[in-house]
Each structure stands twice: as structure tokens, then as C-alpha cells.
């Protein structure tokens, strides 16, 4: 009942509520110093520093040797990449490792020794740091000349372990793998059987002229397997069957059966299984997140009920109004939720809240984020009221879409007419004049909408912000064009002035006008539904994008380590073929254009032959690397993305069928809220049992 105990209980409740908001575990130390350290660790500044450190250590791969960070990727024209001196990137790495050491130390201390041994991610974190630091020491001892750097492959782990949603997603993917493996095994059986059939069907014969299919695609088991595997991706279709088809049309039946069974049945079956299984495991993950939120809120209630405001003879625990108000003033949460909770609290007539009332009060966290648009201005003038009615009407927006369409059509007509003209023959008067007219209309339309809706209401709509920003940019570009090149007139082809030529300025304006035409999307309901689904995926599924970055990064670093130096011979021959091509073309150009064309063709043939030589002699085992990449990125990951896209789209479609949102309200949902209707609320017994298992919190009951 002392003041120190009161402050401790208040701080514990604040931290537990913040844990509930962020779906964090409450199994951490709860003494005063640890709570201060805990809040500091999860502050925006500290988390921003940690995110910046992860970004820096991942970005080092772009400048480390072998660096390929050049303007062009063409080996014939690019300059040698900058190679930093030994010790520069290593010093940056060391600073990043020190931040990670501090990060894992704070995490380990906060959860305690007992919880540390249960946390596999933290143990893997420490192991990764030990291996990385050891590899860093080895690198310096060899003066940065070693060929293999293990720590580069381990860098994506730092990104992975820093996101709880990414870890949940990875756990869901891992749980889905057994079902995926059954279909992948079926694909392997399908591929193997057809490979055997192909080797028997296209076996070598006595007539060498009829063995083109055998020579090109089915010479041996690895080549046959590779050819059909590539056909499964449709990358070599129809090339793989043309030699056999030209010999006998009946051979096409083999390839049709393979494609139908593999692509239409097995691949789509894999998508269906992944959608069904992954949705179930993701639902379990979201269910555990809901349990964490309810547990955090209940923990806050229990510690607040220990304050002296609760009557000693009370049979049921209560939390006083004043204690909760004190907590809400200090807790960091969304202002919308805090205001809604404060309003509900003030509307409550009782001075004390029970556990059920306390939990219900914080259900505001589970609701859709509702954005209410500001009201329109109220004009006293009858004329302004009529203007407001006219320019707020949907028909005015439809007129703007028609004008934008007319602008697009006029640009297309001019581009078609001037497609074959040289820049010196092109008259930019017509295009400049119509662009000037349409931009003035766009400016007038924007000003009239602001007059009718008010500036705050106009800016509250994303479509208006998009439209207005492009209109302002177009106006600035048009003014700059007039200032540099004057007003349009017949024969308007001035010389190059300033940073951009007139044609470049006109092209930039036209590209922005075409981009501005996307304003029609909100007026087309079905198109708007598709676009909002994609935008929600971008906003809410950052965890999947993070795992995709991890996969890309790991495969890229592995590819650099495996194939470093393997292409030098190929690049040398490629450059040789390039010079042969130049010599042949220059030699025959004076004699005959046709002969020059033949010389160019011969040089291209030399290039193709050198490429085949490189693939067959140097990188035969590279097939395993690329097949693994195809399985993970295309077969598994693309199907996971399709599953989530379907789930998000179906959810939005169901909401659209059951409830049409009002024009002044926008609803925004997170991944957790997608499954809110099918989640089960945890019982009080489950919550109290979990609270009593807390390693650092001792409850009074």
C-alpha cells in the first residue's frame, strides 16, 4: 500500500497494456528498473536504431567485393566496380555486431534465465552472432582475401528475428511443409515417369537426321529430366517438342499430356492444398495473438486490482476509475483507440470496473480503424450553395474522367502520327497546345472541388491527394516549359535549353497525364475492390515481404559464393565474340549491306555457341541451385502469396456483399482483423492459469 508499490503497479499495468497492443509476450521482468529498460528498449528511437542497423548490414552486400553496383549491367560498357579497402566494410560490420550484442543482451536479461532456455530464437541469435564474429576475425586475419564468408549468408537472420509476425509466418510455413511435400513428391513422380517415357520414346536411331529431339533434349537422364522440368515451367514451350512434332504430329500427345497433368492439375492442386493448410495454420497464429492481447489486458487488471483503492472485504476484484485513468494517460497507443476508451470510461456511471468490464473496455483495440472525413463548409450565399451542390455531385467527377480519357486519346493519336518521324521533323505545337488546355482544366477542376468540399475534406480522400499532387506537378512543368521555350506556336521546335529538351519535357508531362488517368479506379467498384485488396496486401503483409527478402538475399549470397569466377572464361569469350562481330560488320559494311547483315548474324551465332559451351562445360551442377530456387520461390512462395491474396479478396468480397460502407467512412483492417469473426475468445480459467505461470509476477489470488 506504499507509494512505491502504487507506482510499480501503475507501471506494470502500462507495460502490460502496451504488450497487449503490440501482441507481445508478458513473460518478462516486472521490477521498476526492468520496466524502465523494457519501455526504453521498445521505444521508437531504440527500435529505429535497430532497424537502421539491420538495413545497413544487409546493404553492405551491394558494395562488398565482388561488387556489381554499376549504372549498366552490360559487361562491354560498364566501368570497374568500386572495391572498398580492407577494413572499411568490416568496421561497419563490427559496429552492427555490437548493436546486435547489446540487443540480445537486453532481451536475454528482460525475459530472465528460465525463459531464455525456452526461447529457441534467442539461442539461435547468440549462435549466429558467435559464428559471424568468428568469421569476421578470420576475414581480418586473411586481410579480406578469403573466398567464403559465412557471415554474409547469416545476415538475413537479423531481419527475421526482429519481427514477431515474420517468425509466426515462418512457423506457419514450416507447419504447412508436410502437406506441401506430399504434392511436391507427386510432382517428382510425375516428372520421373514422363522422363522415362521420353527417353524410350525419343531414343537414338540409326538415322542421325531423325534424332534431333534426342540430341537437343533427351540425350541422357539429367538432360531429359531438365528438359521436362523446364517444360513444367513452360519456359521452353513449344521449343522442346518442335523437332519431334516436325517428324510426327502424334508426338505432340506426349507433351500435351505432360503439360495438362503437371500444370493444370498438380500445380493447381498444390495451390489449393497450400491455401487450405496455410490458412488454418495462420488462423492458429492469429488465435495465439488474440490470446496474448487478452492475457496482457487481464494482467493489467490484476495488478491494478492490487491497489489500495479496492475494498479489502470485496469478494470480487475491481479496478478504480482513477487508477485506470492514470494508466491511460501514460500508455502509448493509437490516439483513436485512446479517445474511444476514454469516452467509454467517462460514460460509465460506476466508480469501479470488474474484470469483464475492464476487458470489454479494451475491445476497442480489435475494431476496424474508421476514418471519418471532415464536414464540408457551410456557405450562406445561395449562389455558393448551388455551386457546392454542382461540383460535389458525382457527375462532375464523371466529367473529369471523360476529359482525362479525351486527353489520353489525343496523346495516343499524336504518338501514332509521329511514331516514324525524326525529332527534327516533329512539330510539338499540337501536343503542347492540347496539354496546356487539359492542364488548365485539371487546375480548374481541383480548385472547384476544394471550393465545394473544403481543403481538409478534399485532402482526406487519397484519390484527391493523388489527383491534386499530379495536377500541381503538371502545372509546374508547364510553367517551366513556357519559361524556357515560350508559348506553343506552329513550327515550335526550339533548340535544347536547360536541363531537359522540349521533347523530354513534353514526354514527362504526357507520362504524368497517363499516370493521372488512374483516378478513374475509385469510380469503378470492381476495379476498386481489386486495387484495395492489393494495397491491403502491401500494407498488412510486410512479414511475407520480409521473408521474401530473406530468401532472395540468402540465394543471392549463395550464388555469389558458388559461382564466383566461374563466368570469367565465358566473359572473355563473350568479349572476343563482340570484337569479332565488330570486325566482320566493319569489313563488309563498305561492300554490301546484305553481307554486313550476314556478318552480324554470324557473330550472333558465335555468341550463342559460346553461351552453350559455358552452360555445358562449366555450370552443369548449377542446375541444382536453380531448381532449388524455383521450388522455393515459384512453387512454394508464389502459391503462399496466392493463398493470402485469395483470403484477403474473399474477405473483402464478403464484406462488400453484407455491408456497403458509407461514403464518408473508410474501414481499414489488419491481418489479425481479417480472421476476427472466426476467432475464439479465451476463457477466464485459461487466462488465470497462464498468469499464475508467469515467472516474474506474483498474484494475490
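Glycine too: its Cβ is placed from the backbone N, Cα and C atoms.
The model shown is predicted, which means the values in this text are computed figures rather than measured ones.
Taken verbatim from TrEMBL:
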TRANSMEM  45-63  transmembrane segment
DOMAIN    55-278  domain 'Ion transport'
TRANSMEM  92-110  transmembrane segment
TRANSMEM  122-143  transmembrane segment
TRANSMEM  180-202  transmembrane segment
TRANSMEM  253-275  transmembrane segment
TRANSMEM  395-417  transmembrane segment
DOMAIN    397-649  domain 'Ion transport'
TRANSMEM  429-448  transmembrane segment
TRANSMEM  469-488  transmembrane segment
TRANSMEM  508-531  transmembrane segment
TRANSMEM  543-563  transmembrane segment
TRANSMEM  595-618  transmembrane segment
TRANSMEM  624-646  transmembrane segment
Outside the transmembrane segment (253-275), six or more residues from its ends: residues with CB under 8 Å to it: 176, 179-180, 182-184, 186-187, 190-191, 194, 197-198, 201, 228, 231-232, 234, 237-238, 240-241, 244, 635-636, 639-640, 642-643, 646-647
Segment-segment contact (the transmembrane segment (395-417); the transmembrane segment (92-110)) at 3 or more Cβ pairs under 8 Å: no
Integer average pLDDT (0 to 100) for the domain 'Ion transport' (397-649): 69
